[in-house]
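Novice: Just lifted these from TrEMBL, have a look:
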| type | residues | note |
| --- | --- | --- |
| TRANSMEM | B:30-50 | transmembrane segment |
| TRANSMEM | B:62-83 | transmembrane segment |
| TRANSMEM | B:103-123 | transmembrane segment |
| TRANSMEM | B:163-182 | transmembrane segment |
| TRANSMEM | B:202-226 | transmembrane segment |
| TRANSMEM | B:238-259 | transmembrane segment |
| TRANSMEM | B:279-304 | transmembrane segment |
| TRANSMEM | B:311-331 | transmembrane segment |
| TRANSMEM | B:359-378 | transmembrane segment |
Amino acid sequence: MNKLPSEEKVTTHHTKLEEEAGTLSRRDFLGFLGKGAACAGAFIGAGAAIGAVEAETGKHAFQQNDAQYEEAVNNPPQIPGYNWNDHQWAMGVDTTRCIGCLRCMEACKMENSVQMDANHHRTWVERYVYLEGSNTALVDSQTDPKNIENAGSETKFRFDDRYRHVKVDKAFFVAKLCNQCEHPSCVQVCPTGATFKSKDGPVLIDTTYCIGCQYCVQACPYGARSFNESRGTAEKCNWCYHRITKGLNPACVEVCPTGSRIFGDRNDPESPVSLFIRNNHVQVLKPEMGNAPNVFYKGTDKEVV
Amino acid sequence: MEHVFEHVTPYVGYVYPNETDFAWSQLIVIYPYITGLVAGAFVISSLHHVFNIKSFAPVSRFALLTALCFMFFAPTPLLFHLGQPTRAFNAVITPHWTSAMAAFGYVAGFYLCLLLLETWFAFRADIVAMSKSKTGIMRKVYGLLTLGSDDVSPRSLAIDHKFARILSMIGIPSACGLHGYVGFVFGSLKTREWWSSDLMPVIFLLSAVGSGVGLLIVLYVIASKVRKTEIADDTMRGLLYVLFTAITVVMVIEGLELLEIFYKAREGVETVRELIMGPIWAGMVIQWAMSIFVLAVTSALLVYDVHGKRLVTWLFLSGLAIMIGVLAMRWNVVIGGQELSKTMKGLLTFYPEVFGRESLFVVGVISVCPYVTLWLATKLLPPWEKSKTAIENASKFSLNKQHSVA
């Protein structure tokens, strides 16, 4: 097995990742990922379909290949009986429950065929640590070079134990993802209207219409958007639109072992997210931006960015 | 899925994971730079056409050609930058009007048409003359360029002049609009502390005028040296006035901008300070050193009422300096804005690619293209008014010829 670039040198710029995983066998990858990944399906722009993918190109075996992507985009599956006027999806993040296991990140990368390097994410987890006597937090995420070095690969999602020998006053994890804002800056600045706010909440991208100017990447206050160089279009979390329209939870919510991520329909007062919002003091990130996010946080901190 | 290219930008502090992939590279640095040169050159051309300031007459048509040739290449960096360049016209066909970027196709297209029209009116008499004096294929080319209008009666020329003047008048707000708009693309983004400023469009516009005047000074001096013609002292003095005004106002507003950031001292102001001392320190030093140099030299030229060769030398240097300074300023804005993380807790350091689609090599090629095009354009449409000495020489030559024949 070839070494991934990240295993050789983490912070080098201009790293070509082309050869990456070129020789990773399918078995290796499936072994690492677990064989539970099975949900195939896609919406325009969701770019989602994994599972038993024949790795003709020899690239990431579990991810969508070009033909599948094209099929998903040009011929999106019909979802009978789904009316987007009937739903108002929302997400809750209970930071007091998050243990930083990063299964959400892994699940998202698999489910949505997100690029496997450390520069493209639809969701990630931040670690905030107040050392003893300090008034400010040290922050890192899985993509911190030290964490990648410790995990040995960009495709293994682990936090290192750098704080093992120091006294910590307070520490917690904060999961981040697209906030599917009520007033999304990314939609405002999109010159073609390729990205749009759906009636049921999520902000989606029509990847057949995106010109790849990356104005949206600049405009997102939360850094939630990235650019897919191979497709030449923008990428973002869509709360697994292909799943939620079928009555499933987003992949990250599904795999969260502690129930830190809560998802549901705000039109339903008894849905998990409605209860979460009603029963807790919730906050949103960067409210001063005026974007009115739809991801509600419990237990954030002044240091959370 | 093929990876076309990947960047991993080194950083300190904490940045959002997606930020390590730099969205807007050096191509987006030269886009406002080239657009700015267009705006600046056009303003000089208008000073003659609209306000009838005689001292700009020798460079007026040359300035117009310069603006046109640079405008041809203003959208090129954007096309190289787009992930899906073949879909570029989606923004024009179905513009999403809440986006500042959606207007680009219209603003740039309108302005390009205006420049083409004005150039045609300004050069029509020459084109007609050349369609009659040239031979071979060039005769046909000029014949086509007349668009079938070969009337050069005084009345017709007066109409030409009137149209060129009207177009030039429309052109002034358009040029300001075009470049103010480029500033708006950056200034309207609330996400980035370094961009999000009401002064941004004004800064972009005024520095554009400065760099455009600088470009004209440099090109005019070089062209005169190459053509071995006299450099009009009046013109140089006129350019000096404009350059002095531009640099003074730009420096004041840029200074105010920095002062406001640090005086307001909003959350993350320490990181802004570290940005200036860190990733963009070289750019800031170049920008301010060049600005101070230009301000000092132009002030001295005014105070000591310098004329002639010394004026040419020092103004040429000032022109070069402001071009470099404004380029550095574009870098500091475009790249610096992204080097300052949205978290306001981290700083990235951008290293440009040397070869590749979005590389320094491409930037170099695109930057050279307008100059080559301008050189070709001056061959096609000589913009220089015949100077007195040239006419005298020509008449002497023809007299000699007649004598020798006799």
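Even glycines carry a Cβ here, placed using N, Cα and C.
It should be emphasised that the depicted structure is a prediction, and the values quoted were computed from it without experimental measurement.
Structural setting of the listed features?
Specialist: Counting same-chain residues at least six beyond the ends of the transmembrane segment (B:30-50), those with a Cβ under 8 angstroms from any Cβ of the stretch are 56-57, 59-61, 63-64, 66-67, 70-71, 73-74, 77-78, 81, 111, 115, 122, 164-165, 168-169, 171-172, 175-176, 178-179, 182-183, 204-205, 207-216, 238-239, 242, 246, 326-327, 330, 333-334, 363, 366-367, 370.
Listed as Cβ neighbours of the transmembrane segment (B:62-83) (distance under 8 Å, sequence separation of 6 or more from its ends, same chain) are residues 24-25, 27-28, 30-31, 34-35, 37-39, 41-42, 44-45, 56, 104, 108, 111-112, 115-116, 118-119, 122, 175, 212, 215-216, 219-220, 223, 357-358, 362-363, 366, 369-370, 373-374, 377-378, 381, 383-384.
Beyond its flanks by at least six residues, the transmembrane segment (B:103-123) meets 38, 42, 49, 61, 64-65, 67-68, 71-72, 74-75, 78, 89, 91-92, 95, 97, 145, 147, 160-161, 163-164, 167-168, 170-171, 174-175, 177-178, 181, 381, 383 of its own chain at Cβ-Cβ distances under 8 Å.
Sequence-remote contacts of a segment are chain residues at least 6 beyond its ends whose Cβ falls under 8 Å from one of its Cβ atoms, and for the transmembrane segment (B:202-226) they are 32-33, 35-44, 58-59, 62-63, 66-67, 176, 179-180, 182-183, 186, 235-236, 239, 242-243, 246-247, 249-250, 253-254, 257, 294, 312, 315-316, 318-323, 326-327, 329, 374, 378, 384.
With a threshold of 8 Å between CB atoms, the same-chain residues lying at least 6 positions outside the transmembrane segment (B:279-304) that come near it are 210, 214, 240, 243-244, 247-248, 250-251, 254, 311, 314-315, 317-318, 321-322, 324-326, 328-329, 331-332, 335-336, 339, 347-350.
Only residues 6 or more beyond the boundaries of the transmembrane segment (B:311-331), in the same chain, are considered here, and those with a CB under 8 A from a CB of the stretch are 26, 29-30, 32-33, 36, 207-208, 210-211, 213-218, 221, 231, 233, 236-237, 239-240, 243, 246-247, 254, 280, 283-284, 286-291, 293-294, 297-298, 300-301.
Non-local neighbours of the transmembrane segment (B:359-378) in the same chain are 26-27, 29-30, 34, 37, 62, 65-66, 68-70, 72-73, 76-77, 80, 219, 223, 352-353; each lies 6+ residues outside the stretch with a CB under 8 Å from one of its CB atoms.
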Novice: Sort out the residues at least 6 away from either end of the transmembrane segment (B:238-259), same chain, that have Cβ-Cβ distances under 8 Å to it, and list them.
Specialist: 40, 43-44, 47, 53, 55-56, 59, 197, 199, 202-203, 206-207, 209-210, 213-214, 216-217, 220, 291-292, 294-295, 298-299, 301-302, 311, 315, 318-319, 322, 329
